[in-house]
Amino acid sequence: MNTNKATATYLKSIMLPETGPASIPDDITERHILKQETSSYNLEVSESGSGILVCFPGAPGSRIGAHYRWNANQTGLEFDQWLETSQDLKKAFNYGRLISRKYDIQSSTLPAGLYALNGTLNAATFEGSLSEVESLTYNSLMSLTTNPQDKVNNQLVTKGVTVLNLPTGFDKPYVRLEDETPQGLQSMNGAKMRCTAAIAPRRYEIDLPSQRLPPVPATGTLTTLYEGNADIVNSTTVTGDINFSLAEQPANETKFDFQLDFMGLDNDVPVVTVVSSVLATNDNYRGVSAKMTQSIPTENITKPITRVKLSYKINQQTAIGNVATLGTMGPTTVSFSSGNGNVPGVLRPITLVAYEKMTPLSILTVAGVSNYESYPNPELLKNMVTRYGKYDPEGLNYAKMILSHREELDIRTVWRTEEYKERTRVFNEITDFSSDLPTSKAWGWRDIVRGIRKVAAPVLSTLFPMAAPLIGMADQFIGDLTKTNAAGGRYHSMAAGGRHKDVLESWASGGPDGKFSRALKNRLESANYEEVELPPPSKGVIVPVVHTVKSAPGEAFGSLAIIIPGEYPELLDANQQVLSHFANDTGSVWGIGEDIPFEGDNMCYTALPLKEIKRNGNIVVEKIFAGPIMGPSAQLGLSLLVNDIEDGVPRMVFTGEIADDEETIIPICGVDIKAIAAHEPGLPLIGNQPGVDEEVRNTSLAAHLIQTGTLPVQRAKGSNKRIKYLGELMASNASGMDEELQRLLNATMARAKEVQDAEIYKLLKLMAWTRKNDLTDHMYEWSKEDPDALKFGKLISTPPKHPEKPKGPDQHHAQEARATRISLDAVRAGADFATPEWVALNNYRGPSPGQFKYYLITGREPEPGDEYEDYIKQPIVKPTDMNKIRRLANSVYGLPHQEPAPEEFYDAVAAVFAQNGGRGPDQDQMQDLRELARQMKRRPRNADAPRRTRAPAEPAPPGRSRFTPSGDNAEV
């Protein structure tokens, strides 16, 4: 993990392999290079239009899959080709291990003369091997697993599926890639030697019983001894000993041929055959042995092997009746080992992608990317820089914990390609520790990821604290407006598996002929919640926005927008960064999806999604997923802002449509939805709508006043009269208005202005309380049954009293609560064994350091009360073997013919031994000691200090070096 950028690079490479490789941060710190390999195949569809792709997403070598086609009548498979990386890794690298891999499988190419692509895809990940799959038909593929994260069904071939390699474990070894070793000049032409993939081989043994061989029907006809499943994709070594005896002396020399056939999925034609022959004669018929010893290179395995068959035949008719009995000279076995067969990912798990009903001769495209840690061969190593792997427990544990919660986070091995692309932003957030996870919140994952961060990477979580979100109660913005708030506060509309697509595809309502209309605008995937608090603007206007859903045209919800002077495109989501212009190029506005039909004031404005207006005038705006604002209410707001509003932001929401004469406000529909959005922050809606009988659910008193026409915005003659009404409503003291209208307006703006009517204020609070607790329907039904409120009055005449403060729990319950609390803290720290019962037995104490260390090392539950002091490193104050310290100190301080080390240097060496628990210094400490010795030697000597005397050096014993050759003047 790169702590400078606070990015979990290993996890990012797993989730988004196309971003490049990243070293696996485990404790294998071998030198390596990072290598990314691509795979690209255009597979031609057969006449049947059906086939299957066998993918090995975790294979550490170059072979990543195979392609089969169904025959014309779909009764049998036909092998087409292997799927491999673009470079054969064993040509340049000796060792390697896989970091991550991804495939994209889809069709977008038509054969000549056709105009439509047909066909669907089914994909499933199977935890077993290929030979264990019972049926490979299109329909039966979905029965391989019940895990929804591991299968996709009936996906159009034009949409495609994505196969993602999720590690099944993190103890990945470096495997030999079957590279060829350098050969001598005298080697036979074509002869070569390779290092086989022999790490964790998968070994199969065929044990034959000590019984008579089944009789053959005729000479030269094979009789089966054993047939079964086996999975092989790499080089294989075969060994065997089949011994038997004949009941009678053979009349003629009889040849026994024992044949081991390796076969694939598609037919009974052997891929590789191993044969062992032996002659039974008069001399050996009491004990005949056929030996099998053969190596099969990877090149000879031309397709995946899933079956083996052992059989035999004879060449003499007279020997058919001569009974042969196995096991005369010992066990009869045939074994074969597949290289790297038990390395995770080589043979299991597999992902099967079946296609059906595709257009014959169309093209199925397979595009993959694989990331490796590789060690180059000696020739390549001369020109490449290798680097040590770095152990990063935080990065590794973070990846482990994220992937262990794959069900909760909906991380899959197979995806619909469009869904995988939707998750790209979320994956980038999860791997970025400096991110506050705004998109992850939209998917309902933020709490899980934050909890994992606190446990797996507490240091980085401290260095890069999450920005305190302003959202909190802001969940009401979407949750309340769409009526989808969950009981826990998270809105269902953005939950994984909920109506997130409807919300993400929402559009601001507007004219279909606008240049940024829904039909023309190309949506960007976005669900990024960011909130910014701005100081009070010089002026502004608030307008409602009605969002419609593309997939459900009848559904809609509302929100608010504030239009202020200035250019603030950085505060808009990517979908809203649209610049429109007033008529005759007299100004512009960001965030409006259509040009303004009237002239402006040569200024630039920005329409921002509004979250809240605070008491001090500050405004809180947010980035949301909707598209640019469109519609007549936005045009009305701009007209007011350009022509009438000179200072401040009116605490109300304006709606209406400007007529063609630009002097009249005509009625507009959708006021009920807009009222809900306006009353959420406590603002009244000022506007006009056709009809006065519509009822608005869950709104404040202002909605009723608007619907009944109490706050009119009627047709008027001339813009001055029109502006007169709106301008007076905007003023803090609306002089000139009707006295009754002024009183009603002030009462309904109790939350936006100072409270002037206590009864209306209580009524508004009561309505908010009823809505908050979801009692509106119940209260309405009660009002119909009890119109005079007789029963209800008796029920609520006496409000509930707070009971007396209860006494504290007794000692038993207090100890149980304490044990539960200690257990929760211990489990969060990683001590899963610390149940409340265990804590109680441990004298109501959490795990000690020794107990926790014992659990980490052995994986077993420690005994309560046992401190396991042997598992705690005991500090050693000072070693007792001072002779060892003095020898090392003299050796480090100087050569034998130099002066001995001073006492201060002895103390420094002793401190190192004490720090290391009795062990000697490591490389860094040795370097520090040498530097200390050089500093001590450079100290100026006092004239009065006598020079230390030392014994004269002993002369070297006579004799010659053992490296000097014999002779007088010989050269070395």
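Backbone N, Cα and C atoms are what each Cβ position is placed from, and that goes for glycine too.
The following features are taken from Swiss-Prot:
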- K674: active site (ACT_SITE)
- D26: divalent metal cation binding site (BINDING)
- 801-817: compositional bias 'Basic and acidic residues' (COMPBIAS)
- 963-972: compositional bias 'Polar residues' (COMPBIAS)
- 509-734: domain 'Peptidase S50' (DOMAIN)
- 794-817: region 'Disordered' (REGION)
- 916-972: region 'Disordered' (REGION)
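Just so you know, the Cβ of K674 (active site) picks up 28 other Cβ atoms within 10 Å once every protein chain is counted. Cα spacing between the residue listed as 'active site' and D26 (divalent metal cation binding site): 56 Å, rounded to the nearest whole number. Regional average pLDDT for the domain 'Peptidase S50' (509-734) in the model is 68.
Packing around D26 (divalent metal cation binding site) is summarised by its Cβ count: 17 other Cβ atoms lie within 10 angstroms of its Cβ, all protein chains included.
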